[in-house]
Structure formats: C-alpha cells, structure tokens
Amino acid sequence: VTVCQTSITELLLAAVKPNWHQEKDPQFWNAWAQRTLKIALTRQSLNRNRAKNLILFLGDGMGVPTVTAARILKGQLNGQSGEETVLEMDKFPFVSLAKTYNTNAQVPDSAGTATAYLCGVKANEGTVGVSAAAVRSQCNTTQGNEVTSILQWAKDAGKSVGIVTTTRVNHATPSAAYAHSVDRDWYSDNEMPLKQLFENIPNIDVVMGGGRKYMFPKNESDIEYPNVAKHSGTRKDGRNLVQEWTDKMQNKKGYYVWNKNQLLSLNPNNVEYLLGLFEPGDLTYDLERNKETDPSLTEMVDVAIKILRKNPNGFYLLVEGGRIDHGHHEGKAKQALHEAVEMDRAIGRADLLTSAHDTLTVVTADHSHVFSFGGYTSRGNTIFGLAPMVSDIDQKPFTSILYGNGPGYKIVNGVRENVSTIDLQENNYQAQAAVPLSMETHGGEDVAVFAKGPLAHLLNGVNEQNYIPHVMAYAGCIGKNRDHCMSKSAAGHFHPTFAGVVALVTISRLVY
C-alpha cells in the first residue's frame with residue numbers, strides 16, 4: 001500500500017473533473033469526499049523504509065497564499081476555473097507547518113532560514129552556514145561558529161549531491177548548503193575572498209543555476225552577452241573558477257555547460273559531474289525565458305536526477321524555485337505565480353523519475369510574503385483580475401491580488417490610481433499595495449511543509465523550521481543520529497531503537 005500511495009491518489013483524483021452543473025448535486029461532493037477518505041485510509045500503513053534518496057524543493061517566498069494562487073493559475077492555464085485544480089505538491093500525503101523566524105528577526109530573510117532547513121540550526125538574518133553566535137558582517141565572528149549542512153552529511157555518507165536553482169548558485173538559499181559566511185551578500189572576492197562553492201564541499205556532483213559573472217576575472221566579457229558590461233566577470237583575484245573546475249574534472253567525466261542545447265545534449269549515463277551556469281546573474285523569469293536557449297527548472301531537475309540516481313548509495317538534491325521571491329519583491333504577482341507553477345512542474349518530473357518507496361521528497365518555503373488575494377471574487381475569476389466590487393470609500397475598483405506594501409502603491413492626482421483602464425494581465429504589472437516601498441517585504445507567518453516517501457509522517461504538526469533536515473537525515477541514515485539504522489528488519493523497514501526515537505524528539509524540542 002505504501003509504495004503505491006502516490007499512484008492511488010492520482011487515480012482517485014483523476015476522476016474528479018468538476019463542473020458547475022455537477023456541483024449543484026450533493027452526491028457529487030459526497031462521492032468526492034468518500035474518494036478522499038479512501039486515500040486517507042491508505043496512509044494508515046506508514047512508509048518506514050530507509051530513504052535512499054532525499055529531495056528538498058524550496059519555493060523561495062512561497063507562502064500559503066502563493067500556493068493557493070498558483071493552484072488556481074495552473075488550472076486556468078489548462079482552461080479550468082482553477083480552484084479545484086490539484087498541484088503536484090497537493091498530492092503529497094503529509095502536510096505540516098514550519099515556523100520561520102530567525103533568531104534575531106520575527107519576519108525572516110532567506111539566509112537565516114536556509115541555515116535552518118539545511119543545517120538544522122536557527123541563525124541570524126543575513127548569515128549562512130553559521131550559528132546565531134555569528135554576527136552579520138562581522139568577519140571575526142565566523143571562525144568557530146560554522147555549522148555543516150545536510151548536503152555535507154549526505155556527501156560524507158557516500159551519496160551524490162546536487163544543487164539546482166533559478167537564482168545565482170551563490171545566492172542565499174544554495175549558499176547555506178556549502179558556505180559559511182556572516183554576510184549573504186558576499187558573492188565573490190569582489191565583496192569578500194570566498195571560493196566556498198568549489199572548496200568547502202569538494203566534488204559537489206551537480207550544480208546548476210545562474211551566477212557566471214562571479215566565477216570569472218573582473219571585466220572579462222560574458223560568453224553570452226559579450227558587449228554588456230554589467231554581465232562581465234567580477235573577481236578581483238583574477239581567478240577563472242570555471243576553468244579551474246573544468247581542469248579538475250576533465251578526467252572525471254565532468255562537464256561545464258552554459259545553455260540549454262549543451263545541457264540537453266548530454267547523456268546523463270556518461271556524466272559524473274555537471275556545472276551549469278546559464279546566466280551571468282539570476283536566470284530569467286520563466287515567463288520571459290528564451291525556450292530555445294535557456295533550460296527550464298523542470299529540464300534542469302530532469303538532468304540532475306538522471307545523473308545523481310546512478311549512485312547505488314543514493315543522492316541528496318536541493319531544488320530552489322528562487323524567483324518566486326523576486327517576483328513578489330518587485331510586486332509582479334504574475335511573474336511570481338508562474339515561477340511557482342513551473343516549480344510544481346519540476347516536482348511532477350521528479351516524481352516520475354523516483355519512487356516514494358525509497359525517496360523522501362519534501363516541498364516547503366523559506367518564508368512568505370505580504371501577498372494576498374480576496375475581494376469576494378466569483379468562481380473562475382482570473383487570478384490576476386479585479387474584485388467584483390468597488391471601494392465604498394473612494395468608489396474605485398481594486399485588484400483581487402494585493403500586497404501589504406511594495407512598489408504597486410500609486411497615487412494619481414492626489415488619489416488612488418483607477419486600475420479599471422490598466423492591463424492587469426501584463427507580465428510585469430505591479431499589483432496594488434497598501435504602503436509604498438521600492439521593494440515589497442517578506443511575511444512572517446508559518447509556511448507549509450509537504451512530504452512523501454520514507455518516514456514522511458514525521459513531518460507533522462507545527463515545528464521549528466530547523467527540524468526539517470533532522471527528519472530528512474534520520475530517514476536517510478546520514479548525519480549524527482543513526483542508531484536506528486542498525487535495526488532494520490528483513491522486510492526493509494526501520495524499527496527505531498528507543499534511543500533513536502528519544503534523540504530525534506530531543507533534537508526537535510531543544511528550541512523550547
């Protein structure tokens with residue numbers, strides 16, 4: 001039963017294609033609820049296998065309102081009303097909440113949160129891979145306060161490891177997997193002499209994302225944009241880190257690629273190491289992506305898993321949908337939600353390439369945003385549309401999607417902008433905001449944690465965000481808490497020792 005949970009869910013939900021006529025019949029809703037109940041009953045048999053593979057999908061800034069809005073968008077892109085659509089992450093059998101605050105911040109940033117869900121300890125905002133004893137921008141507080149990540153634990157256990165992101169590979173989220181820095185903004189030696197991506201964890205098997213310019217000498221022209229100065233190299237030490245990596249890997253089946261054609265031309269069976277840097281900075285938004293030259297997140301995940309899964313010991317893969325966050329910061333809800341839909345496609349692709357029998361997959365966010373949608377919109381209303389009413393204060397229409405703050409705040413002739421004549425479907429339309437800011441801010445509420453696969457049921461209830469890598473490590477028998485790994489039954493299931501259970505519970509409660 002456990003092995004087939006995902007397929008059972010898909011089969012039962014596949015029959016649900018509601019239309020408004022059916023929904024008037026109580027039997028429709030009763031039958032749907034009964035199918036859902038059958039799904040829930042299959043989950044009574046828990047998956048206690050050892051997790052050979054571990055995958056973490058991180059939607060940067062993907063709070064619960066973003067998940068819901070992305071679900072509606074996905075459905076509307078497929079010609080449906082949207083609300084009843086099922087995201088790939090919706091199919092996961094276990095859902096919990098994570099508390100996202102940093103040790104010094106009620107509303108967190110992406111660096112401190114990354115340290116939590118990758119290294120297992122909460123930290124100060126703006127710092128990556130160091131404990132809360134380290135102070136942001138104070139370099140002398142780094143030494144002695146470094147903390148290691150689950151990527152390191154997996155590598156030490158003999159697993160292959162990979163990082164795939166739509167941002168720079170040295171951005172906040174991926175950095176916490178390999179770096180120890182008291183400032184998330186130290187991207188290269190132009191800001192601080194750090195080469196940690198290639199040196200802290202030698203031989204990371206797969207790295208894909210953006211950030212080419214941080215790997216090349218200052219002013220060296222970019223291969224894709226040779227006449228654009230802002231895309232030129234930034235390194236003051238004169239090092240070409242890509243060339244150094246290529247030289248190191250030339251006899252190890254290592255390949256460097258910088259465009260989609262090169263990536264998809266590879267035979268994963270002949271690749272042991274892959275470095276893919278597809279833009280000088282962050283990758284372009286998926287809505288604006290050149291589909292001929294730039295790979296999608298789904299395509300990168302597909303190649304990454306096909307390379308990593310060859311290791312008989314399994315793998316750990318971090319996948320970040322990083323530009324969800326950027327879209328929200330810019331008030332561009334359409335960009336953010338299309339990024340979330342693309343990450344959901346990548347989750348679906350990973351599901352096809354792995355099995356819940358031996359792969360623990362977790363989908364979560366580092367934090368939320370002050371993004372919401374409301375206004376009593378009718379069923380099937382375009383997610384980017386107007387509310388079906390005007391304000392009873394200024395008698396002007398307003399968008400369903402609103403931000404609590406951000407660049408979408410606009411005053412025209414001393415009054416709120418009348419959006420009835422604005423093209424709300426434009427890709428870069430900045431949704432209305434209550435407070436004017438050049439960049440919209442994060443939100444402080446809990447985020448959802450979706451889980452499936454071995455021991456996914458341990459991610460239940462409301463937990464501190466730093467609990468996540470402890471569960472993943474426990475399921476995969478990596479890291480420090482491995483006593484239970486010695487008591488595996490002939491059927492391949494764990495029978496955790498009392499000491500192992502106590503250790504896991506103790507770790508999760510230490511923060512109280």
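Backbone N, Cα and C define each Cβ position, glycine as well.
Quick caveat, the model's predicted, so the values are computed rather than measured.
Annotated features in TrEMBL:
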type	residues	note
BINDING	D60, D325, H329, D366, H367, H442	Zn(2+) binding site
BINDING	D60, H171, T173, E320	Mg(2+) binding site
ACT_SITE	S110	active site, phosphoserine intermediate
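In this structure, the CA atom of D366 (Zn(2+) binding site) is 9 Å away from the CA atom of T173 (Mg(2+) binding site).
Compute the center of the Cβ atoms of D60, H171, T173, E320, which mark the site for Mg(2+); besides them, the chain residues with Cβ within 8 Å of that center are L58, S110, A114, T165, T166, T167, A172, P174, G321, G322, D325, D366.
Packing around H367 (Zn(2+) binding site) is summarised by its Cβ count: 28 other Cβ atoms lie within 10 angstroms of its Cβ, all protein chains included. Recorded residues D325 (Zn(2+) binding site) and S110 (active site, phosphoserine intermediate) have their alpha carbons 9 Å apart, per Cα-Cα distance. The number of other CB atoms found within 10 A of the CB of D60 (Zn(2+) binding site), across every protein chain shown, is 30. Taking the Cβ of H329 (Zn(2+) binding site) as centre and 10 Å as the limit, one finds 21 other Cβ atoms among all the protein chains shown.
Inclusion criterion for the binding-site residues H171, T173, E320: a C-alpha placed within 10 angstroms of the C-alpha of S110 (active site, phosphoserine intermediate); this criterion is met by H171, T173. Ranking the binding-site residues D60, H329, H367, H442 by Cα distance from T173 (Mg(2+) binding site) puts D60 first. A separation of roughly 7 Å, to the nearest angstrom, links the Cα atoms of E320 (Mg(2+) binding site) and D60 (Zn(2+) binding site). Across the structure, H442 (Zn(2+) binding site) and H171 (Mg(2+) binding site) place their CA atoms 17 angstrom apart. Closest in space to H171 (Mg(2+) binding site), of the binding-site residues given as D60, H329, H367, is D60, taking the CA atom of each residue. Take the binding-site residues H171, H442: by the count of other Cβ atoms within 10 Å of each Cβ, the lowest one is H442.
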